[in-house]
Amino acid sequence: MGDNITSITEFLLLGFPVGPRIQMLLFGLFSLFYVFTLLGNGTILGLISLDSRLHAPMYFFLSHLAVVDIAYACNTVPRMLVNLLHPAKPISFAGRMMQTFLFSTFAVTECLLLVVMSYDLYVAICHPLRYLAIMTWRVCITLAVTSWTTGVLLSLIHLVLLLPLPFCRPQKIYHFFCEILAVLKLACADTHINENMVLAGAISGLVGPLSTIVVSYMCILCAILQIQSREVQRKAFCTCFSHLCVIGLFYGTAIIMYVGPRYGNPKEQKKYLLLFHSLFNPMLNPLICSLRNSEVKNTLKRVLGVERAL
C-alpha cells in the first residue's frame, strides 16, 4: 500500500466522455468563449484605466470582478482545451493542488466582491449625499483587499487539509478540472473532515453573503420607489437589474450545485454546472454588468473614435 501511495504523482482529467468529432467541436466552441471572456473583461479593465471619469468606487469594484473573471477562465479553460486535444495528457500533483486552490480562491473572492458591490450600490442609492464621505478610496481598497485576502485564507485551509492525504486509487479525475470534491474521491484515507469543511464553506459562503445582498436590495428597492424623477428611477432600476443578473448567475449555479434537487446523474449535473460557472459566467459578466452601462459605452465609443481618427 505504501508503494502505491507514493507512486501516484500524476493524474488524468477525463473531462467529457464524447467522441473525437464532438471533442473538436467543443474545443472550437470553448476556445471562442475563452477569447470572448479575455476580450470582454480585458476591455473593461482597459476602459476603466484609461478614462478618469470611470475612476469611481463602482468601477473600481467592477475592475476587480473583471480580474476575477479572467483568473477563473485562465485557471480552468487552458487545461480543459489541452485535454480535449490530448485526452491522455496527465496533470502533475503540484498542478492539481494549485488548480484546486486557485479555483476556491477566486470563488470566495467573487462571492465577497458581489456583496461589496451590493453595499456600494446601497450607499449610492439610499445615502447619495453621504456617498463620497462613506465610500472613500481607503474604504474601497480595504473592502477589495479583504475580499481577496479572505479568499486566499479560506482556500489555504482546504489546501492544508488536502495536502497530507494519501492517494492510492486509480488516478482518474472524472471532471474537466481539479474540483476539490472530485479530488477527494481519489484519497485512500478518511476524508470526512475535508468534505465537512467544503460543505461548511459552501453554506456559509451562500447564506451569509446572500442574506446581506437580499437585505441591501430590499433597502435599495424601497429607496428607488420613493424617487420622484422617472428618469432617475429608470436608471437606478437598470443598474440594479444588471447587478442582480450577475448575482443570480453566480449564486444560482452555486445553490443548484449544493442544495438543489438531484435528478439523473448528480455528478454529471454538477460537472456541467461548474462548466457554466467557470466558463460562461466570466464571459457574460462584462456584457451584463459593464458594457450595458452608459458611461462605459460612451468611453468605448470615444476610444474607438480616437483609433479611427488615427
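Residue numbering: from 1, along the chain as shown.
The backbone N, Cα and C atoms fix where each Cβ goes, and this holds for glycine too.
For the ranges 120-138, 139-157, the feature annotated in Swiss-Prot as transmembrane segment maps to 139-157.
The membrane topology recorded in Swiss-Prot places HIS55 on the same side as LEU304. Across the topological domain 'Cytoplasmic' (49-56), DSSP assigns 5 helix, 0 strand, 3 coil.
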